Each structure stands twice: as structure tokens, then as C-alpha cells.
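Chemist: Okay, so Swiss-Prot annotates it like this:
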SIGNAL    1-17  signal peptide
DISULFID  C29-C79  disulfide bond
DISULFID  C40-C70  disulfide bond
DISULFID  C41-C53  disulfide bond
DISULFID  C80-C92  disulfide bond
Amino acid sequence: MQFYTIVSLFLAGTAYALPATSANGYEACPSGGLFGNPQCCSLNLVGVLSGDCRAPTKTPNSAKEFQAICAESGQKARCCGLSEILELGAFCQKPVGVSA
């Protein structure tokens, strides 16, 4: 019985995405809050609700690079919560240092 409890806790702990931190220490979306998942989103409703979000193709080294990575696919850099559900970044905000 204890074995199943330990395995369940381990699997639950690994289900959370690790923050994408670059080699120089830049963290696109600081973890620990609602907006901890870096995403590239193409839909944006009223500045908070976003859709069609996907993880960046590589780990950005700066806010400017994060913006450029997303712009390559016609999307905008965002920090989102609930991004794993049907590719819908339900709650997103603009990362610090990103202009658009």
C-alpha cells in the first residue's frame, strides 16, 4: 500500500513542467505563480485570455529572443497558466521585457 502512495506522489510531482531556464540564468516566466509557463500564443482576448498556445521551440536566453522565437511562427510570447489543457493558455500575460 505504501508503494502505491510513493509512486503516486512521484508521478504527481513529475507532472508539473519545469521552468525553462537558459544557461545564462534567464527565466522567461518565473515559476511559483499562475503565469509560470512560457508559451507562444496566436489568439489573445482582452489581454488575459489566450488560445492556440504552444511551448517555444527552444529555450530563450533573453526576453528579446523569447519574442523572436514566437514571432518566427507568427505568435506572441506569453506567460500562461492552464496551458496544458487543449492547447488553451486560459490565463496569459506579457512577460517582462517583451514589447508586444
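Positions of Cβ are set from backbone N, Cα and C atoms, glycine also.
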Chemist: Looking only at C29, C53, C79, which of these disulfide-bonded residues has the biggest number of Cβ atoms within 10 Å around its Cβ?
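Modeler: Selected residue: C53.
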Chemist: So if I draw a 10 Å sphere around the Cβ of C70 (disulfide bond), how many other Cβ atoms end up inside it?
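Modeler: A 10 Å sphere around the Cβ of C70 (disulfide bond) contains 25 other Cβ atoms.
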Chemist: Report the member of C40, C41, C80, C92 (the disulfide-bonded residues) whose C-beta atom has the most other C-beta atoms within 10 angstroms.
Modeler: C92
Chemist: Write down the Cα-Cα distance for C80 (disulfide bond) and C41 (disulfide bond), rounded and given in Å.
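Modeler: If we compare the Cα positions of C41 (disulfide bond) and C80 (disulfide bond), the gap is 9 Å.
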Chemist: If one measures from the C-alpha of C92 (disulfide bond) to the C-alpha of C29 (disulfide bond), what distance in angstrom results, rounded to a whole number?
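Modeler: Their Cα atoms are separated by 11 Å.
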Chemist: If I take the alpha carbons of C40 (disulfide bond) and C53 (disulfide bond), what is the distance between them in whole Å?
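Modeler: Cα-Cα distance, C40 (disulfide bond) to C53 (disulfide bond): 5 Å.
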Chemist: DSSP secondary structure for C40 (disulfide bond), reduced to helix/strand/coil, please.
Modeler: strand
Chemist: Between C53 (disulfide bond) and C80 (disulfide bond), find the distance joining the two CA atoms and give it rounded to the nearest Å.
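Modeler: One finds 9 Å between the Cα atoms of these residues.
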Chemist: What whole-number Å value do you get for the CA-CA distance of C29 (disulfide bond) and C80 (disulfide bond)?
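Modeler: About 8 Å separate the Cα atoms of these two residues.
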